[in-house]
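Sequence annotations record features per position, and here TrEMBL assigns domain 'Glycoside hydrolase family 65 N-terminal' to B:14-264. Taken from TrEMBL, the feature domain 'Glycoside hydrolase family 65 central catalytic' covers B:320-675. Look at TrEMBL and you will find B:TRP355, B:ASP356, B:LYS588, B:GLN589 tagged as substrate binding site. According to TrEMBL, the active site, proton donor annotation covers B:GLU484. Positions annotated as domain 'Glycoside hydrolase family 65 C-terminal' by TrEMBL: B:685-746.
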There are 2 protein chains.
Amino acid sequence: MKRIFEIDPWKVETHQFNKEDKRLQESMTAIGNDYMGMRGNFEEGYSGDSLQGTYLAGVWFPDKTVVGWWKNGYPKYFGKTPNSPSFLGIGITINGEKLDLAKVKFSDFDLSLDMHQGLLSRSFIYEGKDVKVKFEFERFLHIVQKEAALIRVKMTVLEGKAKIDFDSTLDGTVVNEDSNYDERFWVPMNEDKEARTIQVKTRPNPYEVPQFTVLEKASLRHDGQVITGEVTTEDAKLDEKFSIELNEGETYDLEKDVIVVTSRDVKDEDQLAVANSLMEKLQAKSFEENLADHTAVWQKRWEMSDVEIAGDDAAQQGIRFNILQLFMTYYGEDERLNVGPKGFTGEKYGGATYWDTEAYIVPMYLGITSPSVTKALLQYRHDQLPGAYHNAKEQGLPGALFPMVTFNGIECHNEWEITFEEIHRNADIPHAIAMYTGYTGDDSYVKNEGMDVLVGTARFWAARVHWSKWRNKYVMHGVTGPNEYENNVNNNWFTNTMARWLLRYTLERLPLATKEAQERVNVSEEEKAKWQDIVDKMYLPEDKDLGIFLQQDDFLDKDIRPVSSIEDQRPINQHWSWDKILRSPFIKQADVLQGIYFLNDEYTKEQKEKNFDFYEPLTVHESSLSPCIHSILAAELGKQEKAVELYQRTARLDLDNYNNDTVDGLHITSMSGSWLAIVQGFAGMRYDHDQLKFNPFVPEGWDHYGFKINYRGRLIEVYVDHEGTKITLLKGDDLEVVVKDKKLELKEGETKNA
Amino acid sequence: MKRIFEIDPWKVETHQFNKEDKRLQESMTAIGNDYMGMRGNFEEGYSGDSLQGTYLAGVWFPDKTVVGWWKNGYPKYFGKTPNSPSFLGIGITINGEKLDLAKVKFSDFDLSLDMHQGLLSRSFIYEGKDVKVKFEFERFLHIVQKEAALIRVKMTVLEGKAKIDFDSTLDGTVVNEDSNYDERFWVPMNEDKEARTIQVKTRPNPYEVPQFTVLEKASLRHDGQVITGEVTTEDAKLDEKFSIELNEGETYDLEKDVIVVTSRDVKDEDQLAVANSLMEKLQAKSFEENLADHTAVWQKRWEMSDVEIAGDDAAQQGIRFNILQLFMTYYGEDERLNVGPKGFTGEKYGGATYWDTEAYIVPMYLGITSPSVTKALLQYRHDQLPGAYHNAKEQGLPGALFPMVTFNGIECHNEWEITFEEIHRNADIPHAIAMYTGYTGDDSYVKNEGMDVLVGTARFWAARVHWSKWRNKYVMHGVTGPNEYENNVNNNWFTNTMARWLLRYTLERLPLATKEAQERVNVSEEEKAKWQDIVDKMYLPEDKDLGIFLQQDDFLDKDIRPVSSIEDQRPINQHWSWDKILRSPFIKQADVLQGIYFLNDEYTKEQKEKNFDFYEPLTVHESSLSPCIHSILAAELGKQEKAVELYQRTARLDLDNYNNDTVDGLHITSMSGSWLAIVQGFAGMRYDHDQLKFNPFVPEGWDHYGFKINYRGRLIEVYVDHEGTKITLLKGDDLEVVVKDKKLELKEGETKNA
């Protein structure tokens, strides 16, 4: 654990600047607007260790995959989000000394992310020879006009005289740290001195992945008026330079307005004109006016989603930081997009889509955004069904196999133990259809497009299992479960369970589907019989003596011992070889428990308890997706202290750098875990069988907490304190809610206590 | 199966030239002299599909390893033999038309490898406009003066007049097909017009692997006299050009003499002088004189090793081709070298050392070369012990882990399922010490250096197993057995068995070791007790009902069915995805049966029979190392027809392109399999407990066969025909030999019948 920002309910702020924490600081101060995002790099540049990163949603590059010995079915490329042309740069030189916090003397450092509105501010006093200048930077990515970034710097001379040279840049010569051979992913197209634009294109590739183009335009304003400097260009680069002189006490402000358009929305040849017009629109308003528009939208988002925690500012800060970062990454406004595990905050996992979305994002977004947002996420997968069929075919199997990692539906990761084997995703992804249907009560999707997804994946599963004469059961070999610290195991309980669930759910829902959907999927009686046979005879490993499900066939053959025996060697993924990890009993993230979480109402309390008590002590939680699931189950089982401990870990995973890897970027997709831990864990929300239920408690040390949810067209407020629970139906039709087994009849505007 | 060369007992010859078979033809006509080697590329160049390859023993390059997500312990590079500067080129243009068999008209094509001496000849008649020229090429790599290559071309004008332009080249701008990003592995150092040399160096690397330098020098002779042309150079390239004019009936011969020196033997700054002096020595003799020297050495090698088969020329050709290719790759004359799976015939497996050497090469070389050759192979591993300790440490384990793939003892392959897991090698490699000791009767090695190897590997194994409370046994998880069509399995019978063998053998031999060795290895009583406990309580999976050992814990849970059910889908590694292969019951190469082969005298005939009958029908033999083991066991079990079928496959694997992959190069390390199949299989040779035994039969269709072996200072000839077996002690002390359970007392010069 490492905490470099201060505790505050609405701010992420620090007064420290340690060079060794620069990357961590950059991750934590990343901002985004669902369209683009950037790490907390410094406008004036920084010559020390740093990960420079600007990312554009939906823009990606297929980087060649190199494998020792190629085998059939291996993906040909590893899809990556290219580090995009940087528009942040405002080089500053004071009396000949380049402003560079790695080198110059400075004081009074402050860096602060305002979580109300995603506004990043930074200030410090530069202490040069015979001169002191206070610098105040602000920046935000416009949530209304998504193509716009606004950056402002104010400087005040506190002592002496300052000649200040500015060099505002657009820079397309950036590279990815995770490129295989330090290649550039971008090739220059053109630079326009007059328009202040650069345009670049992703390198050609042999994989039929479209090349993306990006045009960036910058314009400077001082005191609200456009100003111009001297422009020079080179390939994929533009510099605009000018100088000022300030006397002691004088102040100067400089605003850099940026427009970014890409070939996702605008044809190459139209990008310049569109950028010009967008800039005109942007500059029709002042920085403050634009910020006000931006803040108003954030205000609305918070009204629907804020979680209030009284009595524990660290917990409060954690949940707000997570909601902010999630919403800066994705708010469902572009149905071509999805949620990458690191959002716009780093290169790792490359902005691609994982099963994280369905497993962790969907249940939260169902609660705090409109159902259309979740439906967009479901539709995203439906749109990618052709890719899923392609993936299954590559493995020599029928049906549809959703990818582990993708931008377009085609698998784009290159490790076979993940790509070929971590196939549980192919049930987890369709499981979101069941969650959507169960939560919203809207069965129009499952009856129609949803059926294409269910039947496609059912056909895959029916072929992926095989009949074991030895066991007299259907078995499934060669999989990797959610616990990626075991690879290529046989009969992973979670995978077998979810595959069986998928087949059963598909069989249940198929007769209810629309006629068109039924004709489209065209399932034969023979197929149905086969699926039912698999449902009836699927092998699910368990140990009856211990009363637990077995993570996989050989799990008990391991050297079982608790995580407490290796405390000094954690995180094991940074201390141990991969070989040692694979053979160990230690679990990266919930696996059996993930299944119990997903299919919660199928298991008895005793089953939940025995499995939790067996597996939790073996779990190192080195996936950010793990603590929240454990927290929720712990809460359900009355293990409140454990639930709170694991909530802390999920809520402040990045703020406290629990897994010592936040330098690479934030764990965006797991950020929903803190919301789930509060709502499904502490408040015990369930929505089984068309019945909304709560079973709340207040964590020790908290005074109260409250949140709102959307449920079937209603807006409901839940407030929990030590006296009990208050439920208010803020908006919508009458509803029966169960709180701690007590039925409450809610009417609009009414609050009920329990 | 594809046979493009004709059957002949002493030649590999073809009169066909099909462009689509060019790579296959090149593999089959590769030549080498233990120091260097080359594929059967054409001197005059060839613009069609071809794999150009020249390789220098012991020269390698660490190519960067790219992995999606790096994990601790992963090797940082993949060691590769660089395609070395080509010295073969003699460009030829006739009346303005470039000689290029991909384009020109020609007839009477002949290509022939003389197996007596490794001489490659090629001839054809070029049919140009108004001109016909007969070309006759010959080349060999000098087995006495290893740095020398000799190439000769004769041309005779059959019709018309020919102006012929020659362009003799040295070309260091070559690349590897298996480089990750088409990089060149060589950087130019200098070219010397006067001396006709080029000198190049492998690229710098960040892995502390030394850079190799190579200097190549060429000199032309006509009619025995040195001639010179006009020399031009560019980076890493040299061209020497001249022209002649020939009238109808006239003949011209051109000889290209080449010297290749490397930094393995000669310092960079001395290479030019050394090459000059070696050239002088070479050119002191004519082509014919050099060839005679060369042939004389080959003659001696054949006298010791030839296997004669009467009645089956295909079988005869197969075994001679294999012996020739093996001896062209390695004859134990440079103890720094080893035997790469493709020798000098292709890029794949990169000239590195595998466990193939100990498992397949050692038992053959023990029989047909001096014991010093095998001892050099043992010493090679002893020299690399520091690398083996390094490898174990990288995995977080004590002791020594010999690498799967190496040039210097450090693991240099980059797939974890091989590198970390195919650890059976760590018992197979020390097992060669037992083979050496048992066969030669010389225990000086095992008492001294051998003990370092045994104890180092024993310490690894003792830490790699763990105690399973569940089974009350020592188990071993996360391994890949010899059958690489299963990865990351638990309790692979072969690996557990060989690990137990290693511990047992080490415990047995340790008290007999020299005092110095015992002090060096310093094994405590506690360690010995632990090793003994593992020996006593190692878990070895078996199925008592079926009477078989289980390849791994879950083997019977697979969809077991014979290979005959998938005949139309073979080889499966070219038809199926890796996922499908891993989950299938099909076995790439002997696994349980490999163990029964290695520890042959520990198993009953019934055990051998039941396991053979169970596993053989599941085996696709897609490793070249598989059929020979099955052939030997089939012979032992009296399944003569099966033994012969599998012999054919091992003996003519490349000649008949059984696995459809000989285009990549020859399967050098498995070539010993055909010798083993005859000697250990058909002739049933065993050498258990200081007793040499035979149990011969003559395959159907063969008249007789015969071979010689070295055994404990004696030279013994074995001749088997339908009448029986004749054993002659050609040289050495009296010896008792058992033939078909009958004891024969042999005296020098005597032949005994049985």
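The backbone N, Cα and C atoms fix where each Cβ goes, and this holds for glycine too.
Secondary structure from DSSP puts B:ASP356 (substrate binding site) in a helix. The helix, strand and coil residue counts that DSSP assigns across the domain 'Glycoside hydrolase family 65 C-terminal' (B:685-746) are 3 helix, 38 strand, 21 coil.
Each of the recorded positions B:ASP356, B:GLU484 was scored by the other Cβ atoms within 10 Å of its Cβ; the lowest score goes to B:GLU484. Within 10 Å of the C-beta atom of B:TRP355 (substrate binding site) sit 23 other C-beta atoms, taking all shown protein chains into account. A mean pLDDT of 96 is what the model gives for the domain 'Glycoside hydrolase family 65 N-terminal' (B:14-264). Within 10 Å of the C-beta of B:LYS588 (substrate binding site) we count 22 further C-beta atoms, all protein chains included. Looking at B:TRP355 (substrate binding site) and the residue listed as 'active site, proton donor', their Cα atoms lie 14 Å from each other. For B:ASP356 (substrate binding site) paired with B:GLU484 (active site, proton donor), the C-alpha to C-alpha distance reads 14 Å. Across the structure, B:LYS588 (substrate binding site) and B:GLU484 (active site, proton donor) are spaced 6 Å apart at their Cα atoms. If you measure from the Cα atom of B:GLU484 (active site, proton donor) to that of B:GLN589 (substrate binding site), you get 8 Å. Sequence-distant contacts of B:GLN589 (substrate binding site), defined by Cβ-Cβ distance under 8 angstroms and a gap of at least six in the same chain, are B:PRO482, B:ASN483, B:GLU484, B:THR619, B:HIS621, B:GLU622, B:SER623, B:LEU625, B:SER626, B:ILE629. Annotation note: B:GLN589 (substrate binding site) sits in a coil segment as assigned by DSSP.
A Cβ within 8 Å of the Cβ centre of B:TRP355, B:ASP356, B:LYS588, B:GLN589, the residues given for substrate, is found for these other residues of the same chain: B:TYR354, B:ALA359, B:PRO482, B:GLU484, B:SER623, B:LEU625, B:SER626.
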